[in-house]
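Per Swiss-Prot, these features apply:
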{"type": "ACT_SITE", "residues": "Cys135", "note": "active site, nucleophile"}
{"type": "BINDING", "residues": "Thr134, Cys135, Asn136, Arg137, Ser194, Glu199, Gly200, Gln201, Gln205", "note": "substrate binding site"}
{"type": "BINDING", "residues": "Gly277, Ala278, Gly279, Lys280, Met281, Gly282", "note": "NADP(+) binding site"}
{"type": "SITE", "residues": "His184", "note": "site 'Important for activity'"}
{"type": "TRANSIT", "residues": "1-64", "note": "transit peptide"}
Amino acid sequence: MAVSSAFVVTPKLEKLLANHHNPTYSSSPAPLDVIGIRALPMNNRNKRGLIQRARCEISPSNKAASISALEQLKTSAIDRYTKERSSIVVIGLSIHTAPVEMREKLAIPEAEWPRAIAELCGLNHIEEAAVLSTCNRMEIYVLALSQHRGVKEVTEWMSKTSGIPVSEICQHRFLLYNKDVTQHIFEVSAGLDSLVLGEGQILAQVKQVVKVGQGVNGFGRNISGLFKHAITVGKRVRTETNIAAGAVSVSSAAVELALMKLPESSHASSARMLVVGAGKMGKLVIKHLVAKGCTKMVVVNRSEEKVAAVRNEMPPGVEIIYKPLDEMLSCAAEADVVFTSTASETPLFLKEQVETLPPVRDARLFVDISVPRNVGSCVAEIDGTRVFNVDDLKEVVAANKEDRVRKAMDAQAIITDESKHFEAWRDSLETVPTIKKLRGYTERIIAAEIEKSLPKMGIDMNKKMRKTVDDLIRGIVNKLLHGPMQHLRCDGNDSRTLSETLDNMQALNRMYGLDAEILEEKIRAKVEKK
């Protein structure tokens, strides 16, 4: 968008321009001497800003040309922030890009999501944010004023909260922008990006992001709209492609893996099973064990309530024995297979504890599907002990994947269609600031003209007469604005109409100098937030 050269550079905007030309930023503009202004070093003692100092360097002989160049500089700097809208960005690490050792350090418990959103939105170039943290992925979704600076700030925030160096995060992270973000979250919600293709639990986790985000300031219109649309896509894909039919879940894959690793002389009905944790994942482990023929197992949990609820869902003949958490180690001493799926942020089984357990006939199996992990990595060093985590489930998943590849192709067609709808909706939001600013612009003119005209009328007008004059002026202005306003409204469904609407918006921004106001409002919001 072009910006009128007549706009006034206010202190906040001047500060932004000064920062924008600070050499510490990697996205620095072209050298100022190219346009006839000598670049001067920035320092904290001089608060008058780049533009003030540049103005002092204008020689009398080149004054006119330099002023023109200065206006170009102002305009180009503003353009950098207003020509393109804020970007939706995802900075993520998943089972496809990072090991569980890293993911568990970055994991953010659900109860901490609102705090994380608030901290992310406190960063200079972040307007909105959401966190999707599961056993297979840790992804930060943001609306960023600047792609490069937004990514830099979020990556540094991730490093600070996890203790992982920025360089290491950069080696394993993936970055996606705008349309690619839309494609990605839709694939995630549909189960296409899961280790277990088509699994349904991820859709519930995406729903939880929206549920937790409701009422959180930083979970704004763009990001919330993205996640809500992702839920719609996830439901549609599962309904129209039946991709979840026959799909294994992480829990069922864990059970399959355990049975694969049991010695030939053992099977589900004879092996002694222990399940630690009776949450969603633990409940599914129990159900899959029963489906495989296991009729007796011990379940360790903080409270008996959840275990009793699971027990009531089991068929006759299945014995589920509840044990409190403080008896976990003694229960493990009598188990051949230990499944762990709790929300604990520290390991429940450490090497020094497991070393004290009596040996079993072949090897004691620990199948840990928690992130952060419930079983310390050093436990695998103990003789007669084998440890598996979520990254080891790929062996099971590979055998189950082929028959759903075709359904995944059908799902991609749905995702492509829904992505177009979402991007069109987001494009239609672009005109909202212009509509608000144009309305505010006319309101200021109306108020100023009424105040200026009333004394000239030479009469003391009562409230009723004043309201009549006010309504008359507003009626005239509203009729004049009706046409422009109609040409700024679009639902985003028709690409041709949308393109025309955006052209109209840019024209009005140029005519009334609204770009600078819109930018200053963003800056003001950031300053007030801090």
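Backbone N, Cα and C define each Cβ position, glycine as well.
Features recorded in Swiss-Prot, as mapped to the structure shown.
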| residue | record | Cβ within 10 Å |
| --- | --- | --- |
| Cys135 | active site, nucleophile | 24 |
| Asn136 | substrate binding site | 25 |
| His184 | site 'Important for activity' | 20 |
| Gly200 | substrate binding site | 15 |
| Gln205 | substrate binding site | 18 |
| Gly277 | NADP(+) binding site | 25 |
| Ala278 | NADP(+) binding site | 27 |
| Gly279 | NADP(+) binding site | 13 |
| Lys280 | NADP(+) binding site | 14 |
| Gly282 | NADP(+) binding site | 25 |
Between Met281 (NADP(+) binding site) and Cys135 (active site, nucleophile): CA-CA distance (Å): 11
Substrate site shell beyond Thr134, Cys135, Asn136, Arg137, Ser194, Glu199, Gly200, Gln201, Gln205, criterion: Cβ within 8 Å of Cβ centroid: Leu195, Val196, Ile202, Val250
C-beta crowding around Met281 (NADP(+) binding site), within 10 angstroms: 23
Alpha-carbon spacing, Gly282 (NADP(+) binding site) to Gly200 (substrate binding site), which is rounded to whole Å: 15
Sorted by sequence, non-Gly277, Ala278, Gly279, Lys280, Met281, Gly282 residues with Cβ within 8 Å of centre, NADP(+): Lys283, Leu284, Val285, Lys306, Ser341, Thr342
Rounded inter-Cα distance in Å - Gln205 (substrate binding site), Gly277 (NADP(+) binding site): 18
Cα proximity to Gly277 (NADP(+) binding site), best match among recorded positions Thr134, His184, Ser194: Thr134
For the binding-site residues Thr134, Ser194, the one whose C-beta sees the most other C-beta atoms within 10 angstroms: Ser194
Nearest recorded site to Ser194 (substrate binding site) by CA-CA distance, among binding-site residues Ala278, Gly279, Met281: Met281
